Amino acid sequence: MKALDKIREIVNKFSFNIREAQEIICHVLKIDKIQLYTENPEITSEQAHTIKSLIERRLKKEPLQYIIGECYFYNIKIKVGRGVLIPRPETEILVEQVLERQKLISNTGNRILDLCTGSGCIALAIGKNAPEFQIFGIDKSEKAVKYATENKALNNIKNVIFLVGDMFNPFKEKIFACITANPPYVKTDEISKLQPEIKNYEPLEALNGGEDGLNFYRKIIENAEKYLLNSGLIFLEIGQGQAKAVQNIALMSGFNVIEVVKDIAGIDRVMILQKSKSL
């Protein structure tokens, strides 16, 4: 059977998403979408068996990114699998905001700390686009740091170092010009309401932000001033409806709220804080 015929069969038989069917076929055949449509290769019986297995996994709601083993984030390839959070397009907004303030950050210093680094996507995207920075990505999950380290090698990015650790523990005080984080921010009692792809497959420790979803914001903001240089910045991804609560934590800790940036859906998504010179 030809590849395009196989895609039509999958879509019709399982009411399958056509884009996902294309990605699975391309993954198994080791071709891109242009080759898929220009060459329309024949599928061998062995490839058909592999495709069937991957389709069955997706029908069980396993995320496509885990099935294929990779995704793209800010134009870099990121390897992912069970035990590491899948990068979201919304998180690219945080990277954009850091890069827009590249000169401002450089005026303070050249070290950036990426907390809860996971796959390393934020640290690597910044590192690739701003080679003058030295970036440290930290996560308490050894599996996540293993993926992050592999992604560093995959993309040949030299100015990023990944470490296993709990928040700020490995670092000396007052050395960072900027802190970035996409921390766990889902309320504990809301995890059961998430899509099955998320709650049944992605690591809960990368999602669970505690009873009110704010545990990690408190840990980050309340400790950040000890590690930031004067006028240093914090870039935080936040969940829907959390802006006011996170802003209050920031103000109580002596940080100025510089901006809250919305995502494409109009939801507050990234909060930018600055360390007061008086801290």
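Backbone N, Cα and C atoms are what each Cβ position is placed from, and that goes for glycine too.
Source: prediction; values computed, not measured.
Going by Swiss-Prot, these are the annotated features:
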- Asp139, Asn182: S-adenosyl-L-methionine binding site (BINDING)
- Asn182, Pro183, Pro184, Tyr185: substrate binding site (BINDING)
Substrate site, defined by Asn182, Pro183, Pro184, Tyr185: further same-chain residues with Cβ within 8 Å of the Cβ centre: Cys116, Ala181, Ala206, Leu207, Gly209, Phe216, Tyr217, Glu237, Gly239
Distance [Cα-Cα, Å, rounded] between Pro184 (substrate binding site) and Asp139 (S-adenosyl-L-methionine binding site): 12
Inter-residue Cα distance where the pair is Asp139 (S-adenosyl-L-methionine binding site) and Tyr185 (substrate binding site), in Å: 15
